[in-house]
Amino acid sequence: MSLTEFLIEVAGNYVATIGFGILLNIPRRALNYAGWIGVMGYFVYKFIVIWGGGYVVGNMMGAVLIGVASLQAARIKKMPMILFNIPALVPLVPGGQAYQMIKYFALGENSTAFVFLIQVVMISGAIAFGFLLSELVNRVQQRVWRHRR
Amino acid sequence: MSSQKKRDQLILHTALTAGRIMIENGSEVERVEDTMERIAHNAGAKTSQLFVMITGILMAINGEVGAQIEPVKRRTFDLEKISVVNDLSRQFAVHKITLQEFSNRLGHLDKSTKYFPFWLQLLSAAMVSGPLEVVFRHNLPDFWITCVVGALGWLVFYLLNKFIQIRFLSEFAAAATIGVLAIWSVHLGLGNSVDDIIIGSVMPLVPGVPITNSVRDILAGNLVSGPARGVEALVSAAAIGFGIAMVLQFL
């Protein structure tokens, strides 16, 4: 991946995450953090895929990072966590695979469509499981945090 | 006795209104329960019993006769209101505002709708479509046409949602419009790839709020509201898919 491509992807993810945030009407103060969390989540996914970790693990780790970073942002800004993790999730949505699935079902090529269907299910499951893991990290951290004070 | 009863009534009213506003605008159930419990506790109620679902809330305080119910009739996505309720609840907890003030402000919040200006929403729909098309498909030449198609698709969704108020139908119509426009623009030579344009343009319609909330509700052990949200997300996704599939039949 060249530097130009990297910069384009950073800008694209940042702008797209903020755009989705505006569509959901999240408060202005939260937009910047949400944007950067979206960028970080996508690049965790991207680098794991580049280093050969596979797209399922990539999506899962991306979701974990989004969950953990959103809780930190929520704590700093004193705002609900969903303001950050919902827009940040958008770059991970398997839009391409879902579209290919619909297309091949519509064209009647069911065997190709099932390949994409399985990918969509795997990715959605990985993201859900990633959120589960991030919740685990958050709860352990909260315990430790409370214990220390 | 009478003043105590009035006070209890006000606590119930405030907590129920806060809960309803949060669910209506797309909060997860665990947060609603937590906020309502905090309000009751901070207002001086000894105990509170809650039953929160995404179609209605039931609440009683101090174990007395006379639980109250608050139906949740409509569901939109306006995360700012959740944030405002959260702020008010925090202010109430540190005694910056009184219970009566809290209740009044909630009533005011419920009536007002403060969205971003329309042109900004349209622009951000374009800014979700185009950049994500480039990120997913690495197809720079189609950036502009994807922005335009995405914004137009979202415009159809917005207008229909305003007038017929059935979310799934609006999503279906918007997806069909996106499909037609994408095929048309490639036909006219404005774009190169129908697939890439559609993938980008559909992104503003993704049901992000129900998906996230569904997962979080199920994890929190809320086995009624979590799957209900999941069904909402699934129907939305299916509506978008049918819209696209219908157009692709005529490709």
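Easy rule for this one: first residue shown is 1, then count along the chain.
Just so you know, glycine gets a Cβ as well, placed from its N, Cα and C.
What TrEMBL records for A:6-26 (among others) is transmembrane segment.
Summarising the annotation, TrEMBL assigns domain 'Threonine/Serine exporter ThrE' to A:11-137.
Residues annotated as transmembrane segment in TrEMBL: A:57-74 (among others).
For A:81-102 (among others), the entry in TrEMBL reads transmembrane segment.
Annotated transmembrane segment per TrEMBL: A:114-133 (among others), in sequence order. Long-range contacts of the transmembrane segment (A:114-133) within the same chain: residues 55-57, 59-64, 66-67, 85, 89, 92, 94, 97-98, 100-101, 104, each at least 6 residues beyond the stretch ends and with a Cβ under 8 Å from a Cβ of the stretch.
Here the domain 'Threonine/Serine exporter ThrE' (A:11-137) is broken down by DSSP into helix, strand and coil counts: 111 helix, 0 strand, 16 coil. Here the transmembrane segment (A:81-102) has Cβ contacts under 8 Å with residues 13, 16-18, 20-21, 24, 26-27, 30, 33-35, 37-38, 41-42, 45, 59, 62-63, 66-67, 69-71, 73-74, 113, 116-117, 119-120, 123-124, 127, 131 of the same chain, all six or more residues outside its ends.
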